[in-house]
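Grabbed the feature section from Swiss-Prot, which reads as follows:
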DISULFID  26-72  disulfide bond
DISULFID  29-37  disulfide bond
DISULFID  51-90  disulfide bond
DISULFID  102-116  disulfide bond
DISULFID  119-124  disulfide bond
CARBOHYD  68  N-linked glycosylation site
CARBOHYD  125  N-linked glycosylation site
LIPID     125  GPI-anchor amidated asparagine
SIGNAL    1-23  signal peptide
TRANSMEM  128-148  transmembrane segment
């Protein structure tokens, strides 16, 4: 009975850590409505979004239905007026082939996309993406050692 309880506890710890390890947080903003989101970015906690809580944009849902975000992105767009606009958001798609995930929104035909940068770290500027996984593995072995 005790070993079954220990095993259940270890599995529960691993599941909760695995879920948190794959959730990525990205900044979500547009420089058109929020100047601090522009080229001179001013980090702000209120702009952070847990990407596991949202799905891909409508125009990408045919390509990535019910898929979790795989990274963060920063798109540089040129509006009709010719001014550069920065859009920061969660990225949905293959990190190794960003062409599909970075495609332009077809509902905005007059906006030209100048660039799309993709990264796989929280907030695109901080902790290594392997750090949460490595921590989860170490914690699992620590719990297993205690329960043994």
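Easy rule for this one: first residue shown is 1, then count along the chain.
The backbone N, Cα and C atoms fix where each Cβ goes, and this holds for glycine too.
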Go through 26, 29, 124, our disulfide-bonded residues, and report the one whose Cβ sees the most other Cβ atoms within 10 Å.
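Counting Cβ neighbours within 10 Å, the top one is 26.
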Fill in the CA-CA distance, residue 102 (disulfide bond) to residue 26 (disulfide bond), as an integer in Å.
15
How far is it from residue 29 (disulfide bond) to residue 124 (disulfide bond), counting Cα to Cα, in Å?
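Cα to Cα, residue 29 (disulfide bond) and residue 124 (disulfide bond) are separated by 14 Å.
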Anything within 10 Å of residue 68 (N-linked glycosylation site)? Look among the disulfide-bonded residues 26, 51, 116, comparing CA atoms, and list what you find.
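So the list reads 51.
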How many other Cβ atoms are found within 10 Å of the Cβ atom of residue 68 (N-linked glycosylation site), counting all protein chains shown?
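For residue 68 (N-linked glycosylation site), the count of other Cβ atoms within 10 Å is 15.
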So which disulfide-bonded residues are near residue 26 (disulfide bond), with CA atoms within 10 Å, out of 37, 51, 90, 116?
51, 90
When the Cα of residue 124 (disulfide bond) is compared with the Cα of each of the disulfide-bonded residues 37, 51, 72, 116, which one is closest?
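Closest by Cα: 72.
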Fill in the CA-CA distance, residue 51 (disulfide bond) to residue 72 (disulfide bond), as an integer in Å.
9
Given the disulfide-bonded residues 37, 72, 116, which lie within 10 A of residue 90 (disulfide bond) by CA-CA distance?
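Checking Cα-Cα distances against residue 90 (disulfide bond), the disulfide-bonded residues within 10 Å turn out to be 72.
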Does DSSP give residue 124 (disulfide bond) helix, strand or coil?
helix
So how many other Cβ atoms are close to residue 51 (disulfide bond), meaning within 10 Å of its Cβ?
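Its Cβ shell of radius 10 Å holds 23 other Cβ atoms.
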Please report the DSSP secondary structure of residue 51 (disulfide bond), reduced to three states.
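Looking at the DSSP assignment, residue 51 (disulfide bond) belongs to a helix.
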According to DSSP, which of helix, strand or coil covers residue 29 (disulfide bond)?
strand
